[in-house]
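According to Swiss-Prot, the features are:
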SITE      Gly84  site 'Important for tRNA non-discrimination'
BINDING   Glu177, Arg223, His451, Arg492  L-aspartate binding site
REGION    201-204  region 'Aspartate'
BINDING   Arg223, Asp224, Glu225, Gln232, Glu485, Gly537, Leu538, Asp539, Arg540  ATP binding site
Amino acid sequence: MFGRTYYCGDITEKAIGESVTLKGWVQKRRDLGGLIFIDLRDRTGIVQVVFNPDVSKEALAIAEGIRNEYVLDIQGKVVAREEGTVNPNLKTGAIEIHADGVNVLNAAKTPPFAISDQAEEVSEDVRLKHRYLDLRRPAMFQTMQLRHNVTKAVRSFLDENGFLDIETPILTGSTPEGARDYLVPSRVHEGEFYALPQSPQLFKQLLMVSGIERYYQIARCFRDEDLRADRQPEFTQIDIEMSFMSQEDIMSLAEEMMAKVMRETKGEELQLPLPRMTYDEAMNKYGSDKPDTRFDMLLTDVSDIVKDTEFKVFSSAVANGGVVKAINVKGGAGDYSRKDIDALGAFAANYGAKGLAWVKVEADGVKGPIAKFFDEEKQSKLIEALDAAEGDLLLFGADQFEVVAASLGALRLKLGKERGLIDEKLFNFLWVIDWPLLEHDPEEGRFYAAHHPFTMPVREDLELIETAPEDMKAQAYDLVLNGYELGGGSIRIFEKDIQEKMFALLGFSPEEAAEQFGFLLEAFEYGAPPHGGIALGLDRLVMLLAGRTNLRDTIAFPKTASASCLMTEAPGEVSDAQLDELHLSIKKKVKN
């Protein structure tokens, strides 16, 4: 009964005349004047099966009771379809199976939604509650297959380059890595907790101290953080670490790996080396540290042109150490009314902007609410700086650099999508390099690591650690694809004294550093090699390669935006007995 000879989608005209055995699900059933037609589906596709009393009355009798999503074992002969009945939209559309035997392996209830790609119009909550049905859809299977092919290409490449696939602990200690940890109470050690790893960062560095030299892992990671469309509480990363390698060596190897992934999953050849862009350039031109380079509309600094204008919004911003930047919406003058531009201003306000100034370029100069503040010379300079022409709309932001970059950068992306400027078929990879080592929080009066506390400063900047730490650059690099951060890496600190100075800079007392990272500091005393690595988000990579916009579509059993599983109803309550075993009590129950 289980001797399948073909997958449904693999039968071609070459098999005409063969007797075959197929397994699968009923996609559709049609009863037409004594004949019953069934579209049989498996993971490869669909084939039409015909039940004809002239071939087998017994098979026809069974087929009369079959419904959608029944699981069948079918025997029959491959026959060419009659002229006029060929389906050019189906891979198997030139043939059909004349059934001479059928076994119902399992019956099925009517599913809550049709098993087709049109089901994407159904509520996502319904699909997630019945995820095992959702995964039957061709688009979902293709995404799962793409994910498999990506990891297969990654494993193959790293294996060919001498890497060892080594697992690191899932139950580990809690360390401050940015997001909140998921904590696991210990039954044996009363009042103590494990943490699920936010990344294998410390373990992979310790593997370098161990002399492994080349490590990788398709690693599960966990972060208890606020969610959004491209984040999940549990996620998978391609985790890589190497000893005795420079930043350029690691970037070169990572992009060669991505070239193999693109070649084997999308049939595309990446042009190597990938473009490099400094962090400062990305922020200045794109208003983002993960620039989408598939379209122009770059941010242009016009501070020098407008710094002495009588328009106080501009002149005051520059005088107070801020900037004035602008973007040119090509051909946008006639497309946006004053009301439309006000709506763009409201959008920019979400990113801290206090307003959005604008002018439209006409044949005799610029027109708009602030045009009167620009004499002919300033108008000419603005038009030249922004490469503007008649019919263009110029949008201005004036504030501190961070606010202008964030608001105009977000506005650029919004307008790029709305105006159809983005070629969705493009895969624009690039590296963002020369990152600042630290970020300063003026409210708290302290520094935070821009990446993580284990990133090595640029060697030449080490002398600034005591005098001007805010000016230090990091040996760090992010890989960006189409405006998404695929992942990042860095050369790591491997000398105890530098690591201790970094901890101190981040506000750790010597006692706190020893308590939380003492094992790492001690390991560095036993001959730690220079090392570095990179971690790339597998879920996000698959999302982009599949042309999806939501990480949940790339994970077999994802969580919702509120970090719950609708299918298993996790998280859920546990019994008092379980809590007692773990020496826990619930402080206060809050009903949702």
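Just so it is clear, glycine is given a Cβ too, placed from its N, Cα and C backbone atoms.
What you see is a predicted model, and the numbers here were worked out from it, not measured in a lab.
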Helix-strand-coil residue split for the region 'Aspartate' (201-204), DSSP-based:
4 helix, 0 strand, 0 coil
Hey, does DSSP put Glu485 (ATP binding site) in a helix, a strand, or just coil?
strand
Which site among Glu225, Glu485 has the most other CB atoms no more than 10 Å from its CB, taking these as binding-site residues?
Glu485
Output, ordered by sequence, the same-chain residues six or more apart from Gly84 (site 'Important for tRNA non-discrimination') with a CB under 8 Å from its CB, or 'none'.
none
Nearest of the binding-site residues (Arg223, His451, Arg492) to Glu485 (ATP binding site) - Cα to Cα:
His451
Cα-Cα, whole number of Å: Arg492 (L-aspartate binding site) versus Leu538 (ATP binding site)?
22
Around Arg223 (L-aspartate binding site), how many other C-beta atoms are within 10 angstroms of its C-beta?
21
Just jot down the residues in the same chain as His451 (L-aspartate binding site), at least 6 apart in sequence, with C-beta under 8 A of its C-beta; none if empty.
Trp435, Ala474, Ala476, Gly488, Ser490
What is the Cβ neighbour count of Arg492 (L-aspartate binding site) at a 10 Å cut-off, with all protein chains included?
22
Provide the number of Cβ atoms within 10 Å of the Cβ of Leu538 (ATP binding site), excluding the reference atom itself.
23
How big is the Cα-to-Cα gap, in Å, between Arg540 (ATP binding site) and Arg223 (L-aspartate binding site)?
15
Neighbour tally for Arg540 (ATP binding site), based on other Cβ positions within 10 Å of its Cβ:
23
Length of the line joining the Cα atoms of Leu538 (ATP binding site) and Arg223 (L-aspartate binding site), in Å:
15
